[in-house]
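J.: What TrEMBL records for this protein is below:
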- 26-51: transmembrane segment (TRANSMEM)
- 41-270: domain 'G-protein coupled receptors family 1 profile' (DOMAIN)
- 83-104: transmembrane segment (TRANSMEM)
- 110-128: transmembrane segment (TRANSMEM)
- 140-164: transmembrane segment (TRANSMEM)
- 198-218: transmembrane segment (TRANSMEM)
- 261-284: transmembrane segment (TRANSMEM)
- 274-525: domain 'G-protein coupled receptors family 1 profile' (DOMAIN)
- 290-310: transmembrane segment (TRANSMEM)
- 317-340: transmembrane segment (TRANSMEM)
- 346-363: transmembrane segment (TRANSMEM)
- 375-396: transmembrane segment (TRANSMEM)
- 428-449: transmembrane segment (TRANSMEM)
- 470-494: transmembrane segment (TRANSMEM)
């Protein structure tokens, strides 16, 4: 190890397990015993599930995956702990220590998410046994596990960056039995606040949220078990249709269908091309790796997702007259569409605040709005969107259908599903109204406040030319924002409040709010921007 000034360049770390010497032998024996039992038991479970075709079902896939994760957890942790305890200390290369630290966190997170999935699986199996085969399939289980793995890697990857920022000026000894992120931060001489805040935030998201889902699932299972013997429950089971699929029928006049199809195809092409171009331009231009352009790039990604979820299914329904959609796929689209809408709603409010600070407090902008803060705000808005929309999954699972499974809309929609069902409890639409008021109206108020402050600042301090430019920008932004918020908020809030809207009007409002803004956003936010235009010009001239 070399010493530069007061900082030690660490190429290795020393693990020293702080356990009293008279207890080490007992701890070693207990750990060795647990390791053997854990390895044997989990390997046995994995082999049994693999060799028995009748166990190739969702619940057993979850159980065997849990066994694999437990095998990985034991293999990553216990051998190294035994080595440290037997030798008194252990020298570990810095890279190997970072790898173990990352793997421990990743395996913990995988187990946390998997236990939440298993609780939700049991909730569906117990509360809605007739729908279980269509909602929980092997394919959905595998996709869920894969997504949890990818999410874990993405969410924990900042650790790899943070840990290499640490400097050590006192010691390279970790008083711990294995390489641990929190211990490494505390031993370093770097200010720990940022690094430990990230750890706390990570645990809150990947630990507390799954725990809440588990508790909610088991509480609903307990409630269902108490009610299951009641006469009302028996009657509902006897009179309900077991729905494994929905039929979408877009309620648009026949003489307008061809025009609608042509317009949707044109909008889809323009929107996809424009948003992809914006994303590529921002990624390939280092000078655009700044807060405002990160927001614009994220908006383009959201608009791409919105179009991909929305328009192809609508075109399929309009071209064929109707479309049969599996129950699980319909519920997935029903959750994704509002989630993407929530993400765009929050992002537009963040962009308005960004412009407000840039115009009103230009000298403080660089310190107030940073790339890190932008990334955190985007992540937080995603998490808030998931939290607010997750009750919808439970409510949809409670719906029973005793008349029809035909939805008179162009895509799978929560309120249409509630109206078609034979449930009369107002909580289903009240929930939607409350969610829209929070994730739609509140950000809209924030946007209007930001732009009004921008306009006031421009009127007071700017030249006539600058006033005109700022006013023009505010008006165009607000027009597109209005096209997004007004039709969607009205359609959801009015429906939730019990106001009757014709199915055709409802379809038009949803199409307008979800289809037009993704096409207009690149034009308004990106192609009018000089830096982005220069970047796009360089891309095409480079290709030539």
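Positions of Cβ are set from backbone N, Cα and C atoms, glycine also.
Predicted, not measured: the structure shown is a model, and the values here were computed from it.
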J.: What same-chain residues lie close to the transmembrane segment (110-128): Cβ under 8 Å, and 6 or more beyond its ends?
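T.: Distant contacts of the transmembrane segment (110-128): 58-59, 62-63, 65-66, 69-70, 73, 135-136, 141, 144-145, 148-149, 151-152, 206-207, 209-211, 213-214, 217-218, 220-221, 224-225, 397-398.
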J.: Kindly say whether the transmembrane segment (317-340) and the transmembrane segment (470-494) touch, using the definition of 3 or more Cβ pairs under 8 Å where each pair is 6 or more positions apart.
T.: no
J.: If contact means at least 3 Cβ pairs within less than 8 Å, sequence distance 6 or more, would you call the transmembrane segment (346-363) and the transmembrane segment (428-449) in contact?
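T.: In contact, yes.
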J.: Near the transmembrane segment (140-164), which same-chain residues lie under 8 Å Cβ to Cβ, leaving out any that are not at least 6 residues past its ends?
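T.: For the transmembrane segment (140-164), the far contacts come to 58, 61-62, 65, 98, 101-102, 105-106, 109-110, 113-114, 117, 121, 181, 184, 194-195, 198, 202, 205-206, 328.
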